Every structure is written in C-alpha cells, then in structure tokens.
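J.: Pasting the feature list from TrEMBL:
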- 278, 320, 321, 322, 323, 421: pyridoxal 5'-phosphate binding site (BINDING)
- 323, 360, 364, 392, 421: substrate binding site (BINDING)
- 72-326: domain 'Orn/DAP/Arg decarboxylase 2 N-terminal' (DOMAIN)
- 332-419: domain 'Orn/DAP/Arg decarboxylase 2 C-terminal' (DOMAIN)
- 96: N6-(pyridoxal phosphate)lysine (MOD_RES)
Ligand SMILES: *Cc1c(COP(=O)(O)O)cnc(C)c1O
C-alpha cells in the first residue's frame, strides 16, 4: 500500500532545517485547534468539516483550489478585539490582509473600523457601506487622485507619510473647502518580527518620518501650521507576525517622547496614538500567539505608564490588526495531483494551486502546516514538501510537512491559516485563475469572491 513509509528517523533530521521540529506529530489525523478556524473539526466519517460542511462536498461544489473562510470565527475575532480594547480605543482592521464587500459588512456590523491603502480598497469599503469616518487611508505614496477621493469621501483620517504628502493633503483639503483629520506616521527605530525586536536609533525603510533625526518633529510643526489639517496624533507600525509586546513598549516610549516634545514646543497635547498592527498568529503548532485581551492589557498599560511618566493625559489608543483577525479564519483546499518520491530525500506532493494563491512561502520563507482532510489515514508519516503547479522550482506551499505515506492523487489537502495575505496577494502567474473565497457559516456556504474565469483574463488582453 504505501510507496515507502518514511518514518521520522535520523536520515530525515538531516534534511530538516536547523531549529525546525525534528519529527512527525504524534497523530497525523489530529487538527491543532490553535491553527485551524474555530468550526473546523474531523467528523466521524474521517473527513474534515467546517461550519458543519464536509470538505469533500465543498470541493465538489466549489472546486479546488479554493479558500474557505469561517465567518463565525471571523466575527468572533472582531468582537474579541473590540471588547478587549473597549470604548477607550479603536480597532482598525487592516484591509490589505483580505478585503471584500462581505468582509466590510461584517466589520461594520461588528463595530470595527477599517484601514485602506489604495483607491481600490477605498472603493470596496465605501461600496459595501463602511461609513467614511471609520476609514483610515494609509500608504507611502498615495496618488493625488487617491487623496482627493479620500478627502471627498470624508475619511476619518489620512496617515501622512512624507513632507510632500503633508503639502498635498493640505492643498487638496483646502481646495475642497474642508479640514482633513490626519495622523503622522513615524518610524521609531524598532524592527519587530516574531520573538525578537531590534531597537536602533535609525530605521532604513520607506515608510514614515524618522523620530531620531527630527523629521517627525518637523512634520508635526508643519501640520500644526496648516489650517486645512487637523492633527489627531502619531502613528507607528513596527513589523509583522509579532508575538511579544516588548517591541511595542519601546515604540510607545519613543512615540510618547514625541508627544511630550510637541506639548513642550507647541503647547498642544495630541489626542491619539496608533500603535499599528503586526500581531502574530499560529501557522504551525510551534507558534503560541497572545489573545486580544492580553495584548490590549499590555498595550494599554504601556501607553498609560509612559504618559503618566511624561506628565501627559492618556491619548486615545488605536490598533490595526489584519492577520490576527482574518488569518486563522480560512484554509486553502487543494487536490493532490502527483506524488513523487525522491529516495533518501523527501516526497514531493503537487497540488492544483501554488505560489499564485499563496506567495508567502516563496516570498518570506513562511511556514505553514498541511493536513490530509478528505479521509483519515493510519499510514506512516512521510516527510513531504507540498508544491504547486507553476513553472518555478521555488513554487512551494509547505516546505516541510509530514503527510501519511499512502497519500494519493485525488486526496484533498488543506493548508490552515491562509486567511491573510494569500488571496490578497494572489496572482495570475501562468495565467492561473485566482481561486474563490467561500464563506461558511452554520451549515451554509456562499461564494464571496468568485473564481476567476478564462473570460476574465481574456477581457484584459485587448490584443
Ligand atoms: C500591514 C499593516 C497593518 C496590519 O498588519 P498585520 O500584520 O496584518 O496585523 C497594520 N497597519 C499598517 C500601517 C500596516 O502597514
């Protein structure tokens, strides 16, 4: 039955990268609740269900590859963030993680605000009925047209990213006869990722205005002089997939330092601080993310403590989780096409998608998990690499995974935690048709973003 069982042994430890888990999980059929959407379970049939629906039926109805998004999980996470931060703070969902009209409606209904960073995202937000005053516009190079559309719509804030942009937004707001609320994005010299952060004086990156060399203070001075801008506060975003709040502590300390400087120089206490997003989720069982209430408590304490120490009244806090809300709520369902064993190395399992629906592995060396979901298996674990169907050897979905050795074409595999930065970063490489996003809730499945068709591609190709 099995082509060749590859129980974890010393020869496999050689192939696994250092620091990686060294062996297969105790039970290949088990689903770690930490990395799967909340309603995902393995049913008595052996197949996995989401929202009560069998993945085999979902594959039949919607095809593969496809993203299945657990709507009740999404809504619960929105509520958890909103409740954790309470009425003293604002939660902005970062739309770039994944945005569609259905998502905007859910956010609206659950009381969240929304970050957008392009005219496309702004249109989606407005078209789905998000009130403009609950939208923030981001970006390091917003076009004049994007700024104009945002000001005209009446967005709640524009996060200013450069001196040129201060002038541009001020000019457009004046021309449109309005006063635009703004924040200034500053770089605080903290680079945070996962469990480590680096605090430096300077930061070498394209976003924001640096605190260290006085650019941020100069930006504040300019904005305060402009009648068509109302300065709400200071914005900082320090990284992504962060598990530890110590990077935020340094960021808050430095931002509050600027608030104090602004008070001393201009006699103004700015009413808001935004600490950005970047909070981590579990992609594998090794990851152990904090709950929203723990994060809210930590960030609240940090900001309150820093402001007290600086003799400032505590500003209104906002945060911008993207991944932490949508990431865990979806999985990608693939069908296995080929299984190729490389003797002494690993087994390559090719699925019907790849880097066109999940670029994160190729782009960031991101780690994912994967499970056989159309049935259970008692076969031995085999060290596998799940790859896509694109013309690129870097087209890897899951770099190192243990899958049952009896895996065969036609089996369904699911990769959990693909709600964020997968569909939103999907491409048409090799003229792939971007997969649909199907929302599942209480036994019902509904397409919220349909699968692309060859006609969609043909329409853009005007000969
Ligand atoms: C990307 C981004 C976010 C969201 O990041 P996540 O890692 O998805 O939480 C929030 N704020 C800003 C300014 C961003 O650029």
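Note that Cβ sites are derived from N, Cα and C of the backbone, with glycine treated the same way.
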J.: Which one of these binding-site residues has the most other Cβ atoms within 10 Å of its own Cβ: 320, 392?
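T.: Answer returned by the neighbour count: 320.
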J.: So what's the mean pLDDT when you look at the domain 'Orn/DAP/Arg decarboxylase 2 C-terminal' (332-419)?
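T.: Mean per-residue confidence for the domain 'Orn/DAP/Arg decarboxylase 2 C-terminal' (332-419): 97 out of 100.
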J.: To the nearest Å, how far is the Cα of residue 392 (substrate binding site) from the Cα of residue 96 (N6-(pyridoxal phosphate)lysine)?
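T.: Residue 96 (N6-(pyridoxal phosphate)lysine) has its Cα 26 Å from the Cα of residue 392 (substrate binding site).
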J.: Max CA to CA distance in Å over the substrate-binding set 323, 360, 364, 392, 421?
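T.: Largest Cα to Cα distance for the substrate-binding set is 27 Å.
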J.: Out of 96, 360, 364, the recorded positions in the record, which is closest to residue 322 (pyridoxal 5'-phosphate binding site) when you go by Cα distance?
T.: 96
J.: If the criterion is a C-beta within less than 6 angstroms of any ligand 1 atom, which of the binding-site residues 278, 321, 364 pass it? List them in sequence order.
T.: 278, 321
J.: Within 10 angstroms of the C-beta of residue 421 (pyridoxal 5'-phosphate binding site), what count of other C-beta atoms is obtained when all protein chains are considered?
T.: 22
J.: Pop the Cα-Cα gap between the residue listed as 'N6-(pyridoxal phosphate)lysine' and residue 323 (pyridoxal 5'-phosphate binding site) into the table, whole Å please.
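T.: That separation, Cα to Cα, works out to 9 Å.
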J.: Return only the integer: C-alpha distance in Å from residue 421 (pyridoxal 5'-phosphate binding site) to residue 360 (substrate binding site).
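T.: Counting only the Cα atoms, the answer is 8 Å.
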